[in-house]
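Chemist: Submitted below is the structure of interest, expressed as C-alpha cells.
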Amino acid sequence: MANIVWCNIAMFLLVSLFLTDDAVVVLDALDNVPNNIKNQPYRTGYHFQPPKNWMNDPNGPMIYKGIYHLFYQWNQNGAVMDVNKTVWGHATSTDLINWITLSPAIRPSRPSDINGCWSGSVTILPNGKPVILYTGNDRYNRQVQNLVKPKNLTDPYLRHWTKSPENPLVTPSPVNHINSSAFRDPTTAWFGRDGRWRITTGSQEGRRGLAILHTSKDFVIWKQSPKPLHYHDGTGMWECPDFFPVARTDSRGLDTSFSSGPMVKHVLKVSLTDTFNDYYTIGTYDEVRDVYVPDKGFVQDETAPRYDYGKFYASKTFYDSVNQRRILWGWVNESSPEKDNIKKGWAGLQAIPRKVWLDESGKRLVQWPVKEIERLRTTQVKWGNKLLKGGSVMEVHGVTAPQADVEVFFKVSGFDLEKADVIEPGWTDPQLICSQRNASSGLGPFGLMVLASKNMEEYTSVNIRIFRAGENSKEHVVVMCSDQSTSSLEKGNDKTTYGAFLDISPYQPISLRTLIDKSIVESFGGKGKTCITSRVYPKLAIGERTHLFAFNKGSQNVNVLSLSAWSMKSSL
C-alpha cells in the first residue's frame, strides 16, 4: 500500500496543468508541509490537515474508481476563516489515512460564487458520474446553489472540474420565500420511485430551522416542494444537513437512494449555529408525502443525540460502495486563540473517518474509527487483568505517548457497584457532572490520563464515573468525561470539560478507546456508543516528555481486564 501511495505522489509532482478559472483544475500535489509547520509540537501525525492555513467543513466525500476523495472548506491565504474567499480544497487517498493534497477543485470565479464557494455534497449519478452541488455566495451576497461536473471521467483523481453554464440552479427570491442569507449546504441527492432526484438544504425562518426540499428530473432544473423535509421551531439555523438511510439489523451501509421499507430507518443530522454542535434524529422517511418523521422520543433540537459530545461540527457522511459502509467525517476546530493559530500558520483538522451504523436498540448511532487506521499501529504494549486500586495511578510504559491508539476494558464487581454513590436528582447535565473539580466518588472517575507530563502538572483525563440511579435502585447511571481543565499550563486556551451519558450496563466490561495525536484526543466509549473529541495544547507534555497513565480516583477498586496500547506511525 505504501508503494502505491508513493507512486501517486510522484505522479502528481510531475503534473502541472494550467487551465481557465471556470475549468477549475489541479496544478499538482500542493507544496509539502513547510518545515516551520511540520515540526510544530501540535501539528498532528495521522489526522488530515492541508499543508497550511485555515480549514473547516468536510465537503463531498466519496469513492470513485477506487480512490477516496475529500473536499473541504479552505482559506488559501491565512489561518483564519474568510468566508468571501473560501475555496473547495481537494485531497485523494487509497486508504482514508494517507492523503495527497491537491489544488482546489472549486474557486470563486462566477457571479454565482464570487464571494465564496461554500459547503455542499457529491452525488453519484446512475451512469457512475459524480457531480457536485455547492452553495455559492453570489455578487449580491445571496446564498445560491450551483453545479459542477468533472471534465474527465477517466481520471480517477478528478483533477478537472467545470462549472455549469446554468448556475445558479436555485436562487432565493420573494416568490419562493427562501431566506437569502440562510440557504446553504445542499445534501447528497437521493433518487425517488417517481424518477425524480431530491436534495435538502439548510435554512432558517425566524427562529425556525428547516430542511428545504427540492426535486428534479435532470439535476439542473429544481422545483421547490410545498413542504420542507422537516423543521422545528426555536432551533435557529440548520447548517450542513445530512440525510441518509441505515439498516435496522446490521452494520452495513446503504446507498443514499436506498428505498424506505420495514428494515430501513433514516437519519437526519443538522449542525446548529446556536450551539456549534451536530445533532441527529432517527426516524421514517415518508416517500409519498416527502417528509421525514422522527421516531417517538426524538426531537430535532438540542435534546437530540450528538455524533460527538466534544469539538466536532459540520459533519458529512458518504456511502462507501466498495466496502458497503457509511463513513462519517467531521471538522475539529482549534481550542487556541486566533493569534496562536496565525502564529503557527494553520487551523482546523478533520477527525479520523468513522464507520457509522444503527445500534441494535434503534435508539442511537454507533461510530468506530475506520479499520484502515490500524495499519499505522507499530509497537504494542499489553496489560492483562491488573487491579487498579482506589486512588492509584499506573503508568503505561513502552508506547509513544503523544501519538498512540489505546483500548482498555474495565470491570467493576457487582459488590462494588452496590457501593456507588447515588446520583443527585438535579444532575441531569453530564457535562456539569464531569466539570466537578477534584471529583472522587465510590466508583470513579477512572480511566486514562493522556498527553500527560511526568509529574502530572498537565494531563487530559478521559474517564468513566458510575452512580446508582436511586437509594434503593439496582439501576446505574454511567457518565463518560473528557476533562481538559488540566490539559495545559497555557492560560489562553479553551479548556472546556466535556461529558455525556453512556448507555451501557456497568455489570459488563466497560470499553474505552482513545486515539491520541499530539493536540487531539478522540475517545470512544462503550464500543462507540458515545464519542468525545478534545483539542489540547500542553506546554510540558510534548514529544518524549509525554506520558500515559491509567488511574482510579474513586474509593472502590476497578479491574483492568485488558489494555492494549500501540505507538502510531504518521500518515503520509
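All positions are counted from 1 along the displayed chain.
A Cβ is built for glycine as well, from the same backbone N, Cα and C atoms used for every other residue.
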Chemist: From the disulfide entries in Swiss-Prot, identify which of CYS434, CYS531 pairs with CYS481.
Modeler: CYS434
Chemist: TRP54, MET55, ASN56, ASP57, TRP118, SER119, ARG184, ASP185, GLU239 bind substrate in Swiss-Prot, but which of GLN73, GLN76, GLN224 does that record place at the same site?
Modeler: GLN73
Chemist: Residues with Cβ closer than 8 Å to the Cβ of ASP57 (active site), same chain and 6+ apart in sequence?
Modeler: TYR72, GLN73, SER119, ASP185, CYS240, TYR313, ALA314, LYS316, TRP331
Chemist: Enumerate same-chain residues with a sequence separation of six or more from ASN152 (N-linked glycosylation site) and a Cβ-Cβ distance below 8 A; give 'none' if the list is empty.
Modeler: LEU158, ARG159, HIS160
Chemist: Please report the Cα separation of CYS481 (disulfide bond) and ASN438 (N-linked glycosylation site) in Å, rounded to an integer.
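Modeler: Per the Cα atoms, CYS481 (disulfide bond) and ASN438 (N-linked glycosylation site) stand 13 Å apart.
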Chemist: Per residue, counting other C-beta atoms within 10 angstroms of the C-beta, which of the disulfide-bonded residues CYS434, CYS481 reaches the highest number?
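Modeler: Answer by Cβ density within 10 Å: CYS481.
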Chemist: Report, in whole Å, the straight Cα-to-Cα distance of TRP54 (substrate binding site) from ASN84 (N-linked glycosylation site).
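Modeler: The separation of the Cα atoms works out to 13 Å.
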Chemist: Cβ-Cβ under 8 Å from ASN179 (N-linked glycosylation site), same chain, 6 or more residues apart: which ones?
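Modeler: When sequence neighbours closer than 6 are ignored, ASN179 (N-linked glycosylation site) has PRO172, SER203, GLN204, GLU205 within Cβ distance under 8 Å.
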Chemist: Just checking: which of ASN333, CYS434, ASN438 have a Cα that is within 10 Å of the Cα of ASN56 (substrate binding site), counting only these recorded positions?
Modeler: ASN333
